[in-house]
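Annotated features, as they stand in TrEMBL:
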- 1-24: region 'Disordered' (REGION)
- 40-62: transmembrane segment (TRANSMEM)
- 100-125: transmembrane segment (TRANSMEM)
- 100-313: domain 'ABC transmembrane type-1' (DOMAIN)
- 137-157: transmembrane segment (TRANSMEM)
- 185-211: transmembrane segment (TRANSMEM)
- 232-253: transmembrane segment (TRANSMEM)
- 297-320: transmembrane segment (TRANSMEM)
Amino acid sequence: MAVDSGVQGVPTVADGSKADESGEREYTRRKRLRGLREDLTSFWFLLPILAVFVILFAVPLVQTAIYSVTDFNGYSMDMHYVGWSNYRSVFTDPSTMQGLVFTIVYALAQTILVTVFAIPLAVTLNRKFWGRNFARSLFFFFSVPSLAIMGMVWKYIFSPMKSGVVNTVLGAFGLGPLPWLSNSILARCCVIFIAVWAQIGWHATLYLAFLQSIPGDLYEQATVDGATRRQQFIHITLPQLIPGIVTSSFLLMSGGLKVYDLPYTMTKGGPGYSTYTVTQSIIQQGIGQSQYGLGSALAVLFTLATALVVFTQMGVAGLISRRFQ
């Protein structure tokens, strides 16, 4: 005679397990649907930005790549395929090569010098002293005007004529005028100096924001342990500033590689091609000389080189950030 395994109408253990599995599947299904709805919502929010990116960047980039292998002059659509001749011409043009050299020097010098001077300035502005807020505002104010306006103002200040502001001051002390913008070395130094001077305040403000996020307990504990200010800066401040250094150097390097306004307004790329930049070469060849094919080839190469530099910089920055975590 078989024994009944359960009372009629009372759920068994097997029935409970099936109910739990069914409930878990339903929960998983609802969770996936909720995640899908959130993804769709995010997509609709990103769609306008994606459309702007495609229209203003992706489409012109493809057009530039197409024009780079043609003899397009910018006016007539009667263009012909010329293969890689435009790319070969880029590497044989002396003005482009000089512009590439100065662009690299400018970007590296700007990145290094601004970082070297902005960090101590930020540390100083982070301390308590009379007039601190005024000093912060003053240094930040210099970064407000555009570099094009800065270039026009400093072009008059560094004028190689006797009427130039700096040469007038030198003349008051019996010193002869100096060819600030008519000598190749001095012109390069002046352009880099103005670039550094104009951007120190903004990047110091960026570092200041990171400094204010460092807990004061770290410095108090280090002081109790007998650490000097130099040791505190090396072992506490500097590691905490790594994210700020990464952000600042990325902005400086990318901005330095595509610079155009400051050298052009100060020297027009001269004397000769001493302050000529790659961006100016692209504009000059494409618009000034109606060689859109050649200018497009240079633009494609420069875009790829800039992307390589930026991605390499991001990779190195990631390694450094993980090292100090």
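Note: Cβ is positioned from N, Cα and C throughout, glycine not excepted.
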Examine the transmembrane segment (185-211) against the transmembrane segment (100-125) and state whether at least 3 Cβ pairs sit under 8 A, considering only residue pairs 6 or more apart. yes
Select the range from 40-62, 100-125, 137-157, 297-320 that forms the most Cβ-Cβ pairs under 8 Å with the transmembrane segment (232-253). 100-125
Same-chain residues at least 6 beyond the ends of the transmembrane segment (100-125) whose Cβ lies under 8 Å from its Cβ atoms: 132, 135-136, 139, 188, 191-192, 195-196, 199-201, 203-208, 211, 233, 237, 241, 245, 248-249, 252-253, 255-257, 259, 263, 273-279
